[in-house]
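Asker: Sharing a structure with you now.
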Amino acid sequence: MSERKRRLMVMAGGTGGHVFPGLAVAHYLQSQGWDIRWLGTADRMEAQLVPKHGIEIEYIRISGLRGKGVKALIAAPIRIIKAIFQARRIMKRYQPDAVLGMGGYVSGPGGVAAWSCGIPVVLHEQNGIAGLTNRWLSKIAKRVLQAFPGAFANAPVVGNPVRDDVLALEAPAERLKGREGAVRVLVIGGSQGARILNHTMPVVAGLLGERVTIWHQAGKGSESDTKLRYQNELSKNSVKSEYKVTEFIDDIAQAYQWADVVVCRSGALTVSEIAAAGLPAIFVPFQHKDRQQYWNALPLENAGAARIIEQNDLTPEAIADTLENWDRHQLMLMAEKAQSVAITDATERVANVIIEVAKK
């Protein structure tokens, strides 16, 4: 009889920042002969994305509470308990050797269910400030890992697992060598876009004209409006500037290869990808009570690879002045500094902890 494959259940959902790092670890362990199963929710992005990657997915019913009102808060304990029992049934049927929690609503009930079944939980916090669910789960997890220092006092810093195509990009010295002319500005508002960038960057194009070429990911439903804003600002200032606006960039590695500098939010995965790619950045952190995105971006600013502009301080002039002050020599230095702080073997580090925990 052949030996039973090791089994991992990945708990991750809701946003690309949770799902893509989970997929990176899943694919790595599949290449090592592991069987992978995913725990998610049927109405979030993992339901479409994970099966496309050849991984079987199971669902529990759970959602966030923010903005749901008093009735939802009262019903929450019952819904959470039901979700835990749904997850327990899945765990008992699949019998994983370890469970990896990468974040999203599903991780809370899934982590408790795994712990109650005696299955070791490995927790990975992608952000510089730990979310409430991960703070709770850290008390029952076998191992806790963090992408950035500061989320947990004593957890090892392993970085964020990044997609292979981003890791495969040329080093900045090769990629940026010989470039001249307009600075190539990549604008990323996250998979959902960022309205403030959609409103601000067309004005920046109007201020800088032919000095910049812009590739702008506007987010779902925002492409037409953002294109119109570019047209109006360039016409108003009687200047020309090349720009491309899309709802979503399917091949982000190609976009990083093209870019000289990135203007974006500072979600955990975005920051980690920009560091791995070796790109200078202007980060505009999403305003959250924990300032989570600010802390994500701070290591790159401290390294001299980026500038953080808080949303309250954001003006078109602030971005335009920053871009004008960064000549090509400066951009090259910043790109190399960004890559110097990247943790490029994060996938292997997380996978090795899972392998270690599963053997015990």
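All positions are counted from 1 along the displayed chain.
Keep in mind that glycine also has a Cβ here, set from the backbone N, Cα and C atoms.
Copied straight from Swiss-Prot:
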- Thr15, Gly16, Gly17, Asn127, Arg163, Ser191, Ile249, Ala268, Leu269, Thr270, Val271, Ser272, Glu273, Gln293: UDP-N-acetyl-alpha-D-glucosamine binding site (BINDING)
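I would like each feature placed in context: is it buried or exposed, what are its neighbours, and how far apart are things?
Answerer: For Arg163 (UDP-N-acetyl-alpha-D-glucosamine binding site), other Cβ atoms within 10 Å of its Cβ number 18.
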Asker: Under 8 Å between C-beta atoms and at least six apart in sequence, can you list the same-chain neighbours of Gly17 (UDP-N-acetyl-alpha-D-glucosamine binding site), or say none if there are none?
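Answerer: In sequence order, the residues whose Cβ lies under 8 Å from that of Gly17 (UDP-N-acetyl-alpha-D-glucosamine binding site) (at least 6 apart) are Gly103, Gln126, Gly267, Ala268, Leu269, Thr270.
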Asker: For Ile249 (UDP-N-acetyl-alpha-D-glucosamine binding site), which residues in the same chain are close in space, meaning a Cβ under 8 Å from its Cβ, but six or more apart along the sequence?
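Answerer: Result: Ile188, Trp215, Gln217, Ala255.
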Asker: Leu269 (UDP-N-acetyl-alpha-D-glucosamine binding site) has how many other Cβ neighbours within 10 Å of its own Cβ?
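Answerer: The answer is 26 other Cβ atoms.
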Asker: Counting all other Cβ atoms within 10 Å across every protein chain shown, which of the binding-site residues Thr15, Val271, Glu273 scores highest?
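Answerer: Result of the Cβ crowding comparison: Val271.
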